[in-house]
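Colleague: Relevant sequence annotations retrieved from Swiss-Prot are reproduced here:
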BINDING   Asp8, Asp9, Ser40, Asn93  divalent metal cation binding site
Amino acid sequence: MRILCTNDDGIHAPGLKIVEDIARALSDDVWVVAPELDQSGVSHSLSLNDPLRLREVGPRHFAVRGTPTDCVIMGARHILADKAPDLVLSGVNRGRNVAEDVVYSGTIAGALEGTILGLPSFALSQEFTLETRNAPLWDTAKAHGPEILRKAIKAGVPKNTVININFPACAPDEVAGVQVTRQGKRNQGFLRVDERHDGRGNPYFWIGFERVAVVDMPAEGTDLAALAAKYISVTPLRLDRTDEAFSATLAKTLG
């Protein structure tokens, strides 16, 4: 089985080594194509106005000056053009990708691009807390990742579906189990705009994350609830985002 690994944290990110270790537990035909620079939060962006630069950094290891989407395309359509990958793994992201994170995540986008190309694809992320922020518990993803992937692959991932896996911020032996979940929703916005000023007094801005207290417990069955209870969250996500339930109502209203 030929496996293509990517991420959004960049070619030198520690989580990329973890996803490579997970891949090597499944196969010895593992290829890494990852962004030259950190691409966190770029979602499914595609480089159309700038050329892509490709650099070989080691055997079967390539850096692309582009997004995770660019990397998967370069890997599947150029580097591995002679024999396409059988599986795409994107991660392991430093930090969870749940709830609204899904629409911002470059990690998930890398896996989505693999799905668009017709390849079974998985996004993997490791949650951290304030205490483990500088040293995420990578061993949790490394210990549990291979078996989850084996079972999910055996089950047969449907076309147009990507599997989003999030590992809780606890030691491997503290994991409560595995839950198949749905995408959750936070009870309030979590992004803020910080205004600052340069040496000439001109304003500039950073988008940051609010540290907000949890008002309500996450809804049962969601990715948020699973991680809060130290379960590994496995969420099937579909490429088709059509709201079927609202379609009939909208059709009536529009005549």
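Including glycine, each Cβ sits where the backbone N, Cα and C put it.
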Colleague: Excluding Asp8, Asp9, Ser40, Asn93, please set out which residues of the same chain place their CB within 8 Å of the center of the CB atoms of the divalent metal cation site, keeping sequence order.
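Modeller: Other same-chain residues with Cβ inside the cutoff are Asn7, Gly10, Ala13, Gly15, Asp38, Gln39, Gly41, Pro68, Gly91, Arg94, Gly95, Ser105, Gly106, Thr107.
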Colleague: Around the C-beta of Asn93 (divalent metal cation binding site), how many further C-beta atoms are within 10 angstroms, looking at every protein chain?
Modeller: 30
Colleague: Fewest other CB within 10 angstroms, which one of the binding-site residues Asp8, Asp9?
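Modeller: Minimum Cβ neighbour count within 10 Å, taken over the binding-site residues Asp8, Asp9, occurs at Asp9.
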Colleague: Can you check which residues sit near Ser40 (divalent metal cation binding site), meaning Cβ under 8 Å from its Cβ, same chain, 6 or more apart in sequence, and list them in order?
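Modeller: For Ser40 (divalent metal cation binding site), the qualifying residues are Asp8, Asp9, Gly106.
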Colleague: Which secondary structure state does DSSP assign to Asn93 (divalent metal cation binding site), in the simple three-class scheme?
Modeller: strand
